[in-house]
Each structure stands twice: as structure tokens, then as C-alpha cells.
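Visitor: According to TrEMBL, the protein has these features:
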- 43-291: domain 'Tryptophan synthase beta chain-like PALP' (DOMAIN)
- Lys45: N6-(pyridoxal phosphate)lysine (MOD_RES)
- Ser72: active site, nucleophile (ACT_SITE)
Amino acid sequence: MIQAFPPYSEVVSANTNSATLHIEIPEVVDILRLDQIHPWVSGNKWYKLKYNLETASMLGHQRLLSCGGPHSNHLHALACAGKVFGFSTTAFVRGYSHLPLTETLRECEEMGMALVFVDKKTYLNRYDQHWCQQQAEYYKSYWIPEGGNNDAGKKGCAEIAEQCLGYDEVWMSVGSGCTFSGVAHSLAIAQLKNDSLKKVHLKGVMAIKGGEELAASLLADLGNECSIDCDSHLGGFGRCPDELVDLIHHYDAHNLPLDPVYTAKLVMAFERYLQTGKLKANKRYLLIHSGGLQGRRGVKALSASVP
Ligand SMILES: *Cc1c(COP(=O)(O)O)cnc(C)c1O
């Protein structure tokens, strides 16, 4: 079924195999460059979308409906995927239509996405199944939850696990936790099927403040080969203090572009563990670069140098 989307399979196979690069921080670290899959349908968002697109197409839908904020990586990826694979796209956007469009939203529109601005209160409905179903019917469309966080999204993310085998620890950023759960389940299954496989510990770094409850609920379903750090959000989702800007500029100079919302915080947390002696020289570490570089435009100090 996936073969029905030829541009996709070409992009992915061309990049993921050779996508592990070494960086300056310890020699034992690899980076899985999911940001290189596609400039816009980037990183984990592609994995979350692929089976959603497939399902939408199987159900005969021509329109995809979703929601997101004004700098959303998900909406940007969805608009582009819709254009490439021939779906129309509509999105509920949290925010105010009287403000100038962000670059992200302007490009979403350019790619054909219809934007429907809703106030914060209406936007809260996105967690209400019944409301979502009503909207899907009204817009005659296939509903994709915020960030692509549903079973089809998880199924896609499970495929990232393949790239994680052979490492002692794999680190990734956590927003909704869809990617983390998808990868964790798939690693657990691989382990069950073959107990001679080296155990991979999956470490999540929470990008949102107050994510302890979410972390606990994600971990409740998973074995003890998983953990989540909830102390590296730097003040909250989307907050980008100067130290983070400095870190991003540092890695720019070493050809590792990072985004301020997710991947830079991941790398900062990893560096901190390293500096405080929490990492082991004899272990192999993989950091997953989950993409999102377009989101740099949401931070003034970074917007001049979007890769
Ligand atoms: C959306 C996003 C995440 C978070 O993924 P979840 O599956 O929601 O946890 C991480 N990194 C980047 C770059 C993202 O765009």
C-alpha cells in the first residue's frame, strides 16, 4: 500500500540508512538524522503521517483535517504531504486570524491548506472524540489528531525502532509521546522475538513543562527499559532561553542544525548528563534528531539562519 506513494519511499530509503553522523560530543554518539528525510515533511512527523495517509486513502477520503499552533511542525508536514500525495488539507489553528500569519502558516496556505482560526476555548475540543468526529463529518474529511498522535501515527513511529538496534541507549524528545511509545513497543517486540538482541534503553526528554503525569502514563505501559527526563524543558514548551540559542549556534557551526522546541533541548540534556558523569564511556548512544527545523522561525534569534 505504501508503494502507492512513490515519492515517499524514494526519499526515505535514500536517506535513513546513511543518516547516522558523528558529532563532537562523545565519540560514542550517533545521531539519527530524521530531519534529512525531507525538508518539510520532516523527522518523526513523516512517520506519524504515513499510515494516516494510507488509511485516509483506503477509506476513500480526499480531504485531511487536523489542528495545530501557529508554528506547528505537524501542520507544515501535513500541508506538504497533502500536496505531494493529492489530498486537500484543512486545519484548525489555535490563535487569532487578525494577526499576521507566521511563516509556517503562510507556507501551509501556499501549499493549499485551508486554515480555520479558532479561539483557545474551541481549540480545547480537540481532545473530545465526539467533537472531532463531528468536524470530520462537516468537512467531509479524515481526522488526524494534533501532532499525528493516534494508532496509525504510532504504527509509523514503530518503524524508527529498526534504526535503534545495537545501541545501549537511544535518546529522543517527547511531546505527546506518540513517537516514544511507538519506538518503545517495537523495541520490546523485537526483544521478545529474539532474546539474544542487546537490550536498548529508551530515554525520553520531555519538551513540555509539567510532563510528569504524561511521562508516568507513557511508562506505565512499558517495561523498565524506558525512562523519561522531565527536568530539561527549560521553562516550558517553546521557551527558548539564551543558553539554548547559544547551543543551537554552536551546533550550527558543526553542521548539526537543531530546532529550539525539541531537539536542542534533547542535546542540552544529553550534554548535561555527560558533564555530570551520568553517561558511560563503554556504551553506545544514539540521539534521534526528530526534525522540526522549520520551527526555528518561531524564535527571532534563530530565524535568520533556518537551514
Ligand atoms: C512533534 C515533534 C516531536 C514530538 O513528538 P511526539 O510524538 O509528539 O512525542 C519531537 N521532535 C520534533 C522535531 C517534533 O516536531
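Backbone N, Cα and C define each Cβ position, glycine as well.
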Visitor: Hey, how far is Ser72 (active site, nucleophile) from Lys45 (N6-(pyridoxal phosphate)lysine), Cα to Cα, in Å?
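Guide: A Cα-Cα distance of 11 Å.
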Visitor: Give the three-state DSSP assignment (helix, strand or coil) for Ser72 (active site, nucleophile).
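Guide: The three-state answer is coil.
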Visitor: Where does the mean pLDDT land for the domain 'Tryptophan synthase beta chain-like PALP' (43-291)?
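Guide: In the predicted model, the domain 'Tryptophan synthase beta chain-like PALP' (43-291) has a mean pLDDT of 94.
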Visitor: Which residues does Lys45 (N6-(pyridoxal phosphate)lysine) neighbour through Cβ under 8 Å, counting only same-chain ones at least six apart?
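Guide: The list for Lys45 (N6-(pyridoxal phosphate)lysine) reads Asn73, His74, Ala77, Leu78, Gly147, Gly148, Gly291, Gly292, given in order along the sequence.
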Visitor: Return the count of C-beta atoms lying within 10 angstroms of the C-beta of Ser72 (active site, nucleophile), excluding that atom itself.
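Guide: The answer is 27.
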